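Peer 1: The structure that follows is given in the form of structure tokens.
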């Protein structure tokens, strides 16, 4: 029976004079010769408990055997600490518990690392012993916030008339984007299920089924290369609505995010959110998820570059590329040539061949390429960039994609390095008017920029066959502080329109029927117009909790190589299991 009075981290002055019962883990033990002090910890925090022979000699005797991470139960009286030993850094810092009775519930071996807020243990060790890592206060607080976010989501959507509906985890493999995780069928020999990359098709079928408003906090799976903000399995807040347009979905989503920020962070955010088209985002920031907490926009200088005799600039423009610049205000004295060389190496990570630069001084432009700027060119540069004396101007000339990627990431790096970002600011932003298609140069074909079920803008339907690169989607992404928080669209709900989309993507009628025939059939039976959005829950928790990567906000995450150090998954299985699944392994040159 849980007979606790309260949690350790909630014992404050309101309990003074009361006899209470606490249970938790021993964080620290200090023996002062006759008195023993223990910091007792649970998920809500720590409280100091005192073993004093004046209160209980028996409890003191037991306390002499207690060590770190023992699980104990204590009975005692809450008293005020002496003023000299008050700890203002913790909620319970003004009180302590004088123990009259203690029970050792379970002992602990010495843990492989110190279980404290700050630890110098490697991440691999902490992931191997994740259940110990989860005891640390920063992670405990993070998962408390995760719960608060999902509670706010459920409360808001329930009040707004949404049904929470579960969709299948074992489903059909379809060519939607990343590689699928496949699950072999024992019963249907040689056939496979796939774990869902998203519930996209099922939530559309729910709209056809008349559910009107659906949501789900759902696990999704993508077998793709990992990075700091990616995991092979992740959780998204999945939403779909019938009889809506883009404005309806965006407004609903703003209301939900406003509720989350108020309930979880105590912050009132302004709605509606600012909006920016995809074209504006790429023009001014070089990226489709701009961090608008600081300025330093990219400036396109193709007109100026075409007038100059600098071959690097002129050649980039003539070959259909671009010349863009960013202005680092007041940085001409802060960055030496060596510092700028380091920035150049960073830009090269994103494909740039080099990083040109000039400094604006009393005597005009100064730097390796200053000689290529005639007086009129220099004047035009300063007008275009609004650069002033003391500023540093950085240029990249290359293909549009390289220029944008290198300067966008360089801008973000400089924003952090120079302290231009207010870390307490939450800048939400909509990016709209997305291209419907993306072109893959290597494969020489178009792909859906979001997914094949996104509706094109009505006025662009006729261009599906003739000008794919100009077709815009009824799609919208919500961005927070330079991260894509979620994305959505108005869906195709007409069979003929969906056929046109598949055709534009290079599907034959047979391929479309094979992969998506069940959806096409559903469109025959009165599909309502519908749209929705999906937001990354893990990423939202990461951003609101100030954590640096997704592994910190998932209870049992995978490593960068998609392994679980705790359970050693993935692992080999018995030959008998493979035989039952009709699978033979063909692994060459594999070492594991």
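Backbone N, Cα and C define each Cβ position, glycine as well.
What Swiss-Prot records for this protein is below:
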BINDING   176, 222, 450, 491  L-aspartate binding site
BINDING   222, 223, 224, 231, 484, 536, 537, 538, 539  ATP binding site
REGION    200-203  region 'Aspartate'
Peer 1: In Å, rounded, how far does the Cα of residue 450 (L-aspartate binding site) sit from the Cα of residue 484 (ATP binding site)?
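Peer 2: It is 13 Å, counting Cα to Cα.
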Peer 1: If I restrict to non-local contacts, at least six residues apart, and a C-beta distance under 8 angstroms, what lies near residue 224 (ATP binding site) in its own chain?
Peer 2: 178, 179, 230, 232
Peer 1: Sorry to bug you, but what's the C-alpha spacing from residue 484 (ATP binding site) to residue 491 (L-aspartate binding site), rounded to the closest Å?
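Peer 2: Each residue's Cα considered, residue 491 (L-aspartate binding site) and residue 484 (ATP binding site) end up 20 Å apart.
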Peer 1: What's the number of neighbouring CB atoms sitting within 10 A of the CB on residue 484 (ATP binding site)?
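Peer 2: Total other Cβ atoms inside 10 Å, all chains included: 17.
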Peer 1: Quick check: in three-state DSSP terms, what is residue 539 (ATP binding site)?
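Peer 2: Assignment for residue 539 (ATP binding site) reads helix.
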Peer 1: For residue 539 (ATP binding site), just count the other CB atoms lying within 10 A of its CB, please.
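Peer 2: Neighbour count, Cβ to Cβ under the 10 Å cut-off: 22.
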Peer 1: Per-residue pLDDT averaged over the region 'Aspartate' (200-203) comes to what?
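Peer 2: Summarising the region 'Aspartate' (200-203) by its mean pLDDT gives 97.
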Peer 1: What residues, ordered by sequence, lie under 8 A Cβ-to-Cβ from residue 537 (ATP binding site) and sit at least six positions away in the same chain?
Peer 2: 146, 149, 150, 217, 234, 235, 236, 237
Peer 1: For the ATP site as recorded (222, 223, 224, 231, 484, 536, 537, 538, 539), determine the largest distance between any two Cα atoms, in Å, rounded to the nearest integer.
Peer 2: 19
Peer 1: Taking the Cβ of residue 450 (L-aspartate binding site) as centre, how many other Cβ atoms lie within 10 Å?
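Peer 2: Here the count is 23.
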